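Novice: Quick one: structure below, then a few questions.
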Amino acid sequence: HHYDGCTMSERENHAADDSEGGALDMCCSERLPGLPQPIVMEALDEAKGLQDSQREMPPPPPPSPPSDPAQKPPPRGAGSHSLAVRSSLCLFAASQFLAWLDSGTWGVPSLLLVSLSMGLVLVTTLVWHLLRTPPEPPTPLPPEDRRQSVSRQPSFTYSEWMEEKVEDDFLDLDPVPETPVFDCVMDIKPEADPASLTVKSMGLQERRGSNVSLTLDMCTPGCNEEGFGYLMSPREESAREYLLSASRVLQAEELHEKALDPFLLQAEFFEIPMNFVDPKEYDIPGLVRKNRYKTILPNPHSRVCLTSPDPDDPLSSYINANYIRGYGGEEKVYIATQGPIVSTVADFWRMVWQEHTPIIVMITNIEEMNEKCTEYWPEEQVVYDNVEITVQKVIHTEDYRLRLISLKSGTEERGLKHYWFTSWPDQKTPDRAPPLLHLVREVEEATQQEGPHCAPIIVHCSAGIGRTGCFIATSICCQQLRQEGVVDILKTTCQLRQDRGGMIQTCEQYQFVHHVMSLYEKQLSHQSPE
């Protein structure tokens, strides 16, 4: 029997192919209602040609990551023809599905299979189109002004971690010190070197936007004449007055209570002006080679000037070191300096010989995350600028190493004690006060052996302001506690910062000094009844 131009056997074969999942073949005489036959045949021919071309073409190479971000994506028109062919196939499949619905001879499984096939074709076409369409490149964000993300406050004023070397791009931001610089305001010492360089009285940041932008101070460190035209800003005047007048005398009980109050100590610490020197104030060619940190410089009025055979060369007399006053304002009791670098080792030993230094206190490791100090002493013997340096003996203790060194120049020979304190932990303050207190007491005993007129004691860490300030402040306050029975750590810190900016560098170090002094007061109170 025939039905619509096809025999019954052909209909049964079609049904069998459909039930087994095979491809459906149309009878040559079967027509699709609603779709002209030439369009259907054209779509079939295009689909067949596309399949043949895909069989002949080699598989595409795997995609490689783009080497040039600016490379243009492939044109979108390349896949328009293939997309039209697949659209025709979808249209053909939809019309075929409508014809099968009209015939009424297809079962529910066949309809589900056809629907699934159509959905698969549509999803495949959509996915292929999305994959062929290159994604739009992200719009680059405008560069943010780095001045908004970088603090204008010198980072080294808050944490011992920032003693690292400062990058050049940070220095380009022209950082503002926490307190204004008041160079040449304090009394000039007559013994300073007159060959030292001329500095400006006001930091560049202070002069900007003020009515004294063209007023310069012509005074020179090392002379007693005060320059003309000097005007001090209100901020400078306020900082200077604070450093000269701040005081808080603590009795024993007050000292113990304050040492346990971190909030009070923090508020007090951040009220103290740092008194850093603006790097712009020094104008010596090649000076950068003699500073470990570009933003930590010696305050001009108290800096150590090396004797030089060439008075016209200010670089030869320069060293990053300051004279520090001791208990009762005694002059030149200590010298606070940076840890020597390779280019300043000879200058360091020149200073040791020039100042007749009997004791050196070193409070840093050679390396902590990066280099903190050059090993400037020899294993046995070395000569710098006609000074012969010989290590006679090394004594190891739990908290420090003591080297007994002899210095000889011509017929003159001197002795030197080098204390290397090794119990200060890396990148933080100690959690125990006794080791530092024990070192301070040892150095005091060694100083007393030198006589009543001992030469300056050299103290250094890496930058010469943080741990160095803790040691010197503890030494001064211990003498005050023994002599007066009270202690004034605030006044001592202000005195240190007048001589060298930034002494006692962090709030944690300020708290640590209070803990050390609290411990020392308890030791003295236990000894007094005996």
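Any Cβ shown, glycine's included, is placed from N, Cα and C.
Annotated active site, phosphocysteine intermediate per TrEMBL: CYS461, in sequence order. Positions annotated as substrate binding site by TrEMBL: ASP426, CYS461, SER462, ALA463, GLY464, ILE465, GLY466, ARG467, GLN505. TrEMBL lists 1-17, 45-55 with the feature compositional bias 'Basic and acidic residues'. Residues annotated as compositional bias 'Pro residues' in TrEMBL: 57-76. Among the features that TrEMBL reports, domain 'Tyrosine specific protein phosphatases' is placed at 434-511. The region 'Disordered' annotation in TrEMBL covers 1-81, 135-154. According to TrEMBL, the feature transmembrane segment maps to 107-131.
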Novice: For a quick check of packing: other C-beta atoms within 10 Å of the C-beta of ASP426 (substrate binding site), how many?
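Specialist: Step by step: centre on the Cβ of ASP426 (substrate binding site), count other Cβ atoms within 10 Å, giving 11.
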Novice: Please give the maximum pairwise Cα distance, in Å and rounded to a whole number, for the substrate-binding set ASP426, CYS461, SER462, ALA463, GLY464, ILE465, GLY466, ARG467, GLN505.
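Specialist: Between the most distant Cα atoms of the substrate site, 16 Å.
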Novice: Which of these binding-site residues has the least crowded Cβ, counting other Cβ atoms within 10 Å: GLY464, GLY466?
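Specialist: Counting other Cβ atoms within 10 Å of each of the binding-site residues GLY464, GLY466 gives the minimum at GLY466.
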Novice: How many neighbouring Cβ atoms, not counting its own, are there within 10 Å of the Cβ of SER462 (substrate binding site)?
Specialist: 24
Novice: Any idea what the Cα distance is from the residue listed as 'active site, phosphocysteine intermediate' over to GLN505 (substrate binding site), rounded to a whole Å?
Specialist: 12
Novice: Give me the DSSP three-state residue breakdown of the domain 'Tyrosine specific protein phosphatases' (434-511), ordered helix, strand, coil.
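Specialist: For that range the per-state counts are 50 helix, 5 strand, 23 coil.
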Novice: Taking the Cβ of GLN505 (substrate binding site) as centre, how many other Cβ atoms lie within 10 Å?
Specialist: 26
Novice: Taking every residue in the domain 'Tyrosine specific protein phosphatases' (434-511), what is their average pLDDT?
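Specialist: That stretch averages a pLDDT of 96.
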Novice: Within 10 Å of the Cβ of CYS461 (active site, phosphocysteine intermediate), how many other Cβ atoms can be counted across all chains shown?
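Specialist: For CYS461 (active site, phosphocysteine intermediate), the count of other Cβ atoms within 10 Å is 28.
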